[in-house]
């Protein structure tokens, strides 16, 4: 058919139809049907066409692909057809009889009188064999239908009487009548109730359970509604509790010698498992259906358990269950302990929704739209990965504690919910940082790395990472990292460098550091102008709040002089600068490199004379950058 619009008189004047064929893709060659209304609207399915025309137009007989009305052809059955079906099984018997009659006449004509007895005997034998085969087939069919069956409830053998219901085939007449009466009684209890139990005497709904809260007024007015959970008859037997008809359900007392009865009961808790002799046989049959076919066949062939006489076993007094649980199977309730709450909750085989229906979170109807669970929902633009209810709608009684909002959330609904994201995996550190941490064998916060003398190599600049400081020729470096107990080794150090760990005293106050980065580097032609001096803060008379470091025994001690009055005044000013926040100093937790040079070949004579000045300069200068002029003024 051409892909042009054609008239469709079946729908009325003005309607057009078009069939377009697919020319590419996996469905090449298939066609799509389109219809165009008199107003120009394009319709491509029968559902859209029904919605467009409305309920007044019946399209049950309309063929959407052909565009025609298909009237059903009435099926006419001739009268001769049933008669032919009836005569079909009788035709082979007649033909056999005719063939046997012809054989008899031929034998009588062709054979003499003394020889025709044997063929007739063989013919009669063949007839008897065929008749016996047909009779044996019918007998086997009748025998299979009337084979003795063992009753699944009482265990007696009975003959099958042609019951069509599959669940009643394995029950005898008495057990079948009890089963039918029990089902009829249970239906009455579900509709009306017994009228005697405590639940049937309640006349008003609680208004708290999920049935009362989810019910619409129109359902209540029409009468098609579920009963309140507190008004449901107590004589209703749930499927998980048993059928109430078999021997296991009718047993009222525990045996006292099975593995369940011999368990020591916990104080304050009811037993969760039922005695093996009181378990329903129907439940065992249902569980075997879920297993393999071999297990079901074995279960059907296994004989029923013999009843245990009560006279052989004396029931011990400490295992008597009458004071722990009711004896009636209808009132026997299992309990389970929740992981978060130490309260007893009724045990059911069905999936439980964790809500009580009475707390403020359960009564809340609207999502907050700001917690992490709401942000994950598709209606708020999320990816639907967590699939959890709003944190502010999680039940306060049954929900898990990790799903509830944090305690410090305050009055704001969306505040305080980010601490739950601490369970996520940490971000991976770059490979360079991991190599630096693994390559450092030291555990002390300070480490001294001495570079061998020699000219500065250009490869060091290439090996130095971003943000690192290149070592100066013939200098010693002191690496200090606040907030950690591991030393960091900067790139570019020699393999034969000496490492001396220094043990730091445990101090809770923040440690002040001396930072002299970006010192002007001299040319490599004059290495004798640089003289390396490594200084350790060993004085116990330093300012309060600074940790003292142990000195290296290999280095020569530094002469210390008592501070003068000017230094005392400056120390008092430095005490005020200690109160400045860490952000002004340059941040906490950044590695600091201390380099001390004796410019002009002179050695440093006193550490306490210039240390307070450097502290003051470090507190004032936020960028931790010192010019060469400031360095010379402070050192000299």
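Yeah, the Cβs are placed from backbone N, Cα and C, and that goes for glycine too.
Pulled from Swiss-Prot:
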{"type": "BINDING", "residues": "194, 197, 200, 233", "note": "Zn(2+) 1 binding site"}
{"type": "BINDING", "residues": "368, 371, 374, 390", "note": "Zn(2+) 6 binding site"}
{"type": "COMPBIAS", "residues": "83-97", "note": "compositional bias 'Basic residues'"}
{"type": "DOMAIN", "residues": "1-69", "note": "domain 'MBD'"}
{"type": "MOD_RES", "residues": "409", "note": "phosphoserine"}
{"type": "REGION", "residues": "75-113", "note": "region 'Disordered'"}
{"type": "REGION", "residues": "291-314", "note": "region 'Disordered'"}
{"type": "REGION", "residues": "407-474", "note": "region 'Disordered'"}
{"type": "REGION", "residues": "543-589", "note": "region 'Disordered'"}
{"type": "MOTIF", "residues": "84-88", "note": "motif 'Nuclear localization signal'"}
{"type": "ZN_FING", "residues": "187-234", "note": "zinc finger"}
{"type": "ZN_FING", "residues": "235-281", "note": "zinc finger"}
{"type": "ZN_FING", "residues": "348-396", "note": "zinc finger"}
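Overlay of Swiss-Prot feature records on the structure.
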{"residue": "194", "record": "Zn(2+) 1 binding site", "Cβ within 10 Å": "14"}
{"residue": "197", "record": "Zn(2+) 1 binding site", "Cβ within 10 Å": "17"}
{"residue": "200", "record": "Zn(2+) 1 binding site", "Cβ within 10 Å": "17"}
{"residue": "233", "record": "Zn(2+) 1 binding site", "Cβ within 10 Å": "21"}
{"residue": "368", "record": "Zn(2+) 6 binding site", "Cβ within 10 Å": "18"}
{"residue": "371", "record": "Zn(2+) 6 binding site", "Cβ within 10 Å": "26"}
{"residue": "374", "record": "Zn(2+) 6 binding site", "Cβ within 10 Å": "22"}
{"residue": "390", "record": "Zn(2+) 6 binding site", "Cβ within 10 Å": "21"}
Residues in the zinc finger (348-396) grouped by DSSP into helix, strand and remaining coil: 15 helix, 0 strand, 34 coil
Length of the line joining the Cα atoms of residue 374 (Zn(2+) 6 binding site) and residue 233 (Zn(2+) 1 binding site), in Å: 40
When distances run from the Cα of residue 194 (Zn(2+) 1 binding site) to each of the binding-site residues 368, 371, 390, the nearest one: 390
Residue counts (helix, strand, coil, in that order) that DSSP gives for the domain 'MBD' (1-69): 8 helix, 20 strand, 41 coil
Spatial neighbour of residue 233 (Zn(2+) 1 binding site) that is closest, considering only the binding-site residues 368, 371, 390 and their CA atoms: 390
Per-state residue totals over the zinc finger (187-234) - DSSP helix, strand, coil: 16 helix, 0 strand, 32 coil
Residue from 368, 371, 390 whose C-alpha is spatially nearest that of residue 200 (Zn(2+) 1 binding site), among the binding-site residues: 390
For residue 197 (Zn(2+) 1 binding site), the one of 368, 371, 390 that lies nearest, given that the binding-site residues are compared by Cα: 390
Cβ-based neighbourhood (8 Å from the centroid) of the Zn(2+) 1 site, residues 194, 197, 200, 233 excluded: 189, 193, 195, 196, 198, 199, 201, 234, 235
